[in-house]
Structure formats: structure tokens, C-alpha cells
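Noted in TrEMBL for the protein shown:
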- 2-153: domain 'PurE' (DOMAIN)
- SER10, ASP13, ARG40: substrate binding site (BINDING)
Amino acid sequence: MQKVAVVMGSTSDWPTMQQVTAQLTSLAIPYEKRVISAHRMPDELADFGKQAVALGFGAIIAGAGGAAHLPGMLAANTLLPVIGVPIKTRTLNGVDSLLSIVQMPGGVPVGTMAIGDAGAVNAALFAAAILALNDSELADRLQAFRDAQTKRAKESEAALQ
Ligand code: RP5
């Protein structure tokens, strides 16, 4: 199975990006995590983007906060699908991160998730949906996840009656 690269701009992003790795683990998707700052490690960022296919990755999930250039610059250096997670910031609540990630120029796409924990979980599920296109066993696990979620929602509704 292809693995997922989980990249973050700083170790300070880890509390959010942990939601990504937890969700990947629950779906038995292999991953590697890296800290690569777009601004502090620009050469490493370009190298990683260019090598990502050869390293066996099938998708990249990139989380960054503030002037969040990491997902877009990774996308500029690879043809792999890049999924961006806007990290919630103290100063602007992550709206800065969201707008930095989502407003890519036409021609270099980043699939941008919601700000914070929900975006992190959905980034893992979106990567799973991409990999499941060529992996029927993963598609079955993803369907089981959805079924369990639906069951919990129905049970919580029933508890209200
Ligand atoms: C971004 O700057 C990182 O993704 C992080 O969200 C933010 C702040 O980084 P630190 O100053 O906490 O290392 O590049």
C-alpha cells in the first residue's frame, strides 16, 4: 500500500496533526511524519516535494499555521495530491492559515480542509478516499468507518427521544 506523508511546519503544529496520524492509524494506512518549515527550511521543502513519489508516497497531508506556505509550496514541487490543514493560530484563530492555504493560483491545487482538528481528521479521511480508489480493502475499511459513524449518530438521536 502507498504511504501518506504527514508534514507540518513546526513541532507546535503536532497537537493538531496528531489527529491526522490517529485517523490514518485507525484505517491501517502507513504514514511517515516530518517537520519541514517552508520559511526556515526552504531547500529541504523543495527536495522533499521532488522526491515524494520516489519515496513511495501516494498523498501528502501538510499542516501549517499563520503565513502557511507549506502545502502550496509542496504542491509546487510534486504531482502528488496535497491536502492542506490550516492550523488554528492564537492571533487570528487560523483564518490566516486558511486563507494562506486555500487561495492558490490556478494551476497548482491544494485540497484545503477546515481549520484545526476537524480539518486534520478530514485530511486523513480524504487521503484515505484517494488511496482507496486503487485499494479495495482500504475502501472496505473506509466504508466500515462511515457505517460506524452513522450508527453512532442514530443511537445519539434515539437517546434524545
Ligand atoms: C508555521 O508557523 C508553522 O506551521 C506554525 O504553525 C507556525 C508557528 O511556528 P512556531 O513559531 O511555533 O515554530 O510555519
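FYI, residue positions are counted from 1 along the chain as it appears here.
Any Cβ shown, glycine's included, is placed from N, Cα and C.
Those TrEMBL annotations? Automatic predictions, nothing curated.
Remember, predicted model here, so these are calculated numbers, not experimental data.
Here substrate is bound by SER10, ASP13, ARG40 per the record. The longest Cα to Cα distance in that group is 15 Å.
In the vicinity of ligand 1, defined as a Cβ distance under 6 Å, the following of the binding-site residues SER10, ASP13, ARG40 are placed: SER10, ASP13. All chains included, 18 other C-beta atoms sit within 10 angstroms of the C-beta of SER10 (substrate binding site). Those residues of the chain, other than SER10, ASP13, ARG40, with a C-beta within 8 angstroms of the mean position of the substrate site C-beta atoms are MET8, GLY9, THR11, SER12, VAL35, SER37, ALA64, GLY65. On the 0 to 100 pLDDT scale, the domain 'PurE' (2-153) averages 98 in the predicted structure.
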